[in-house]
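Copied from TrEMBL, the annotated features are:
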DOMAIN    27-487  domain 'Amidase'
ACT_SITE  82  active site, charge relay system
ACT_SITE  171  active site, charge relay system
ACT_SITE  195  active site, acyl-ester intermediate
């Protein structure tokens with residue numbers, strides 16, 4: 001079998017085009033890698049055998065229609081899909097008992113666009129149940145493990161799986177691990193309050209949340225409709241850009257997608273930041289930030305300064321209210337969205353049929369975990385007539401103030417904001433689970449939630465390793481619809497840091 005290319009799109013595409021590597025061989029390599037790191041628990045439904053058939057089909061199309069057809073730009077390249085995207089004929093569970101055996105009759109728009117471009121799905125990835133969490137620790141399939149310090153990844157020996165390992169982040173931890181380990185070249189996650197950027201930072205990969213409305217949500221099982229965005233995982237900023245260009249655009253089945261035409265773009269290699277004004281939000285100097293994250297943030301600001309960019313402190317004064325605002329809006333929409341799961345039309349159905357009310361209650365009690373049930377209860381409380389104005393309406397007003405903070409900063413001359421992605425490097429599972437899911441989510445998403453409330457684009461890029469050898473990610477934020485500019489600045493930073501990615505090539509020799 002030919003030597004496997006690096007897990008980046010362009011080298012793989014080049015080998016596929018010149019015929020030095022077949023799509024079937026490429027898929028087989030990724031499937032083999034996925035099997036060898038399966039103890040990380042990142043795939044919940046594999047599509048291994050079908051993906052290899054699809055790879056052969058993709059190769060045949062390239063042979064028939066020419067290897068340089070742009071519509072097949074990903075011909076045969078393997079991808080992983082978070083388990084809250086509908087995939088026709090492939091089980092989609094949201095990591096919940098209530099959808100444990102659900103097989104959708106249709107495919108999500110962004111996934112379909114990926115397949116139309118020749119992408120091959122190797123499997124559905126693990127996550128927090130219904131994407132409610134920041135650790136990928138609350139799944140019916142068990143928690144996802146971070147590959148960076150999992151002992152077998154370095155020596156072939158297993159660690160104590162009970163508590164002596166670090167989490168992958170969430171809620172899209174499985175997708176982050178798929179890319180970090182090389183089991184897939186790219187992956188989709190969802191991002192409602194940081195669920196793509198958080199695990200990307202913890203696992204040392206790129207995680208991109210585009211402007212709200214750029215990517216279709218059709219087929220993404222909703223958590224919070226007004227905040228949900230399909231997220232992109234990749235090994236590099238260039239790869240994230242290629243994937244974004246392939247799946248962005250208006251969708252008649254999603255009224256929130258923008259109708260303006262989106263021109264595809266290629267990021268330049270020769271990038272200058274001398275003309276840029278970089279903002280450092282003072283409110284992001286949050287309690288609990290680890291010294292290694294603070295130092296990485298400081299070094300990045302100095303890097304831009306030395307390169308000729310103007311670096312200034314800015315203020316986003318309503319950041320302090322983002323957590324409570326997000327919590328109210330999230331729970332309110334969760335209460336509405338989760339009402340569809342009643343055991344009647346699809347999903348789990350309890351055996352208690354004494355009455356319709358008892359059937360509903362038993363089904364939802366058996367189907368949802370404590371985290372989901374807690375958010376449903378809180379959301380219904382916020383939506384009660386006596387509470388509606390004091391909670392839901394006030395939260396909406398605060399959300400507008402948070403969005404206005406970003407508009408004023410960018411309108412005042414700032415091009416890009418530079419922040420940490422997470423407070424710390426990936427915490428241990430034992431520490432993370434000492435307190436409840438909601439508390440940890442509020443801690444871990446403090447830098448990412450405001451971006452979803454404002455709807456602006458943001459990307460996390462690996463910056464360095466902590467003293468314990470775990471990745472640290474930094475976040476770049478831009479104005480609405482300036483996705484290209486955000487990606488361009490992120491690529492420049494990536495070029496300067498030359499982050500050493502996780503190398504598991506020794507697994508290919510075993």
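Any Cβ shown, glycine's included, is placed from N, Cα and C.
Sequence features annotated in TrEMBL and their locations in the structure.
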residue	record	Cβ neighbours (10 Å)
82	active site, charge relay system	34
171	active site, charge relay system	38
195	active site, acyl-ester intermediate	37
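The two recorded residues residue 82 (active site, charge relay system) and residue 195 (active site, acyl-ester intermediate) have their Cα atoms spaced 11 Å from each other. Across the domain 'Amidase' (27-487), the prediction's mean pLDDT works out to 94.
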